[in-house]
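Step one of this worksheet: look at the structure below.
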Amino acid sequence: MLDFLAPSALLHRRYHTTPTHQSTESQPNPKAPKPKYFLSEKQKEFLDSALRVNQAGELAATLIYTAQTPQVVRSHPHLRPLMKHMYNQEEGHFKTFNQMIAKHRVRPTAMYPVWEAAATFLGWSTGVMGREAAMACTEAVETEIGSHYNEQVREILSWEADAQSRGEELDDELKEMLTTFRRIRDEELEHLDHAVENDSKEAQPYDPLVSVIRLGCRTAIKISERV
Ligand SMILES: [Fe+2]
Ligand SMILES: [Fe+2]
């Protein structure tokens with residue numbers, strides 16, 4: 001549960017009917033801290049699911065690159081720095097979400113071993129198919145993951161707008177989470193660009209390969225949201 005949001009939020013009731021700090025004059029104090037936005041159970045559930053999916057997705061990303069890299073760089077040594085760069089970023093994302101799920105006591109997905117096997121197989125098989133297929137895999141995965149992070153960013157922004165309309169503000173931890181999601185989304189979209197620059201569109205057969213991987217990602221996201 002995301003009860004980290006509760007303590008500070010609970011201290012600030014949404015409406016202060018009899019504030020003790022307010023002077024008898026009617027002038028509002030612009031420097032007074034705004035009351036914190038109180039998350040509903042539904043919003044907390046959304047964050048639980050989001051962190052669970054993100055952690056599983058980043059685990060999968062590290063395993064895909066681990067299985068792909070040796071095969072890709074064997075025939076295309078010039079791709080070593082790029083593969084390493086993308087792997088390092090995925091490893092960073094995975095660490096970030098490992099810390100977040102531990103801190104907020106979110107249960108990891110029960111599908112963990114299944115996603116481990118599936119991601120390793122996906123990385124290995126696209127690596128065997130060659131550089132273009134490996135890049136098409138990154139293109140497909142990042143298209144889904146990028147839009148998935150975008151949805152999360154949009155959702156939290158809608159809470160921020162709701163908070164502002166009430167004269168409240170988001171908890172600092174939630175603001176930090178928003179910044180993290182945006183940064184990671186941008187890095188995933190950067191991987192997508194690298195994949196296209198490195199001929200992902202030349203993969204054979206491009207359409208079925210990308211469609212299958214994208215469908216697999218969407219299915220894994222849907223399952224991990226709940227299980
Ligand atoms: Fe990532
Ligand atoms: Fe990525």
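Placed from the backbone N, Cα and C atoms, the Cβ positions cover glycine too.
Automated prediction, rather than curation, is the source of TrEMBL annotations.
Straight from TrEMBL, the features:
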BINDING   Glu58, Glu90, His93, Glu188  Fe cation 1 binding site
BINDING   Glu90, Glu142, Glu188, His191  Fe cation 2 binding site
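Cβ proximity to the Fe cation 2 site centre (mean Cβ of Glu90, Glu142, Glu188, His191, cutoff 8 Å) flags the following additional same-chain residues: Ala61, Met86, Gln89, Thr138, Val141, Ile145, Gly146, Glu187, Leu189, Glu190, Leu192. For Glu142 (Fe cation 2 binding site), the same-chain residues that are 6 or more apart in sequence and have a Cβ closer than 8 Å to its Cβ are Glu188, Leu189, His191, Leu192, Ala195. Counting every protein chain shown, 23 other Cβ atoms lie within 10 Å of the Cβ of His191 (Fe cation 2 binding site).
Using a 10 Å Cβ-Cβ cutoff, Glu188 (Fe cation 1 binding site) registers 27 neighbours. Other residues of the same chain near the Fe cation 1 site, with their Cβ within 8 Å of the Cβ centroid of Glu58, Glu90, His93, Glu188, are Gly57, Ala61, Thr62, Gln89, Gly92, Phe94, Ile145, Ile184, Glu187. With a CB cut-off of under 6 A applied against ligand 1, the binding-site residues Glu58, Glu90, His93, Glu142 are reduced to Glu58, Glu90, His93. In sequence order, Glu90, His93, Phe94, Thr96, Phe97 make up the list of same-chain residues 6 or more apart from Glu58 (Fe cation 1 binding site) whose Cβ falls under 8 Å from its Cβ.
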